[in-house]
Amino acid sequence: MIDFDGYRPNVGIVICNRKGQVLWAKRYGQNSWQFPQGGINEGETPEQAMFRELFEEVGLQKKDVRVLYASKLWLRYKLPKRLLRHDSKPMCIGQKQRWFLLQLVCHEKEIDMHRTKSPEFDGWRWVSFWYPVRQVISFKRDVYRRAMKEFAQFLFDPTKNDTALFQHHETKKAETGKKQPYYHKYAPQNKKGRKRR
């Protein structure tokens, strides 16, 4: 489903724990990391698409998370020219995304990236709140920065967030030169990737 401007409607998912860390996922068979995300199907609301993608990509169900916040506006990024499919009609030039901030309320052992036959990810880890903004692929960086800034304004403002989940000192920006933290790795089950993202 592509809109009139050539953007594909999409949802982005940020899952946090009580330490103020966020789930960072490794793309299947690649050394590339990102937040879970996926397209919105015809007839779906953004929230319905989010819960579907949450199960397909991370193996979590609605009962396993608490929805803390959803971005107010659509956030857009354009695909690099090398990723454009000029023979597709209509042509998709990028994604427009609604972002959701979720709190994990179950044990992390429930995270299972092999719920489907063609998983998007083969590993994950917890990282500091701002770490993904610096580490994501460059063409998604501005959208990540805007989404995380909006989430931070909610999480760390006691007048907007009555849960008082995190403290500022738990979300300092990660330095780019630091060693990558340990991640949960899944053994490959097949060689097929899922839909183009």
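Backbone N, Cα and C define each Cβ position, glycine as well.
Residues annotated as domain 'Nudix hydrolase' in Swiss-Prot, with sequence analysis given as evidence: 6-149.
Away from its own ends, the motif 'Nudix box' (38-59) comes close to residues 1, 8-11, 13, 15, 23, 25, 65, 67, 70, 98, 100, 102, 110-116, 119-121, 124, 195, 197 of its chain (Cβ-Cβ under 8 Å, at least six residues beyond either end). Feature annotation from Swiss-Prot assigns motif 'Nudix box' to 38-59.
The region 'Disordered' feature in Swiss-Prot is assigned to 170-197.
Sorting the domain 'Nudix hydrolase' (6-149) by DSSP state (H, G, I as helix; E, B as strand; all else coil) yields 39 helix, 49 strand, 56 coil.
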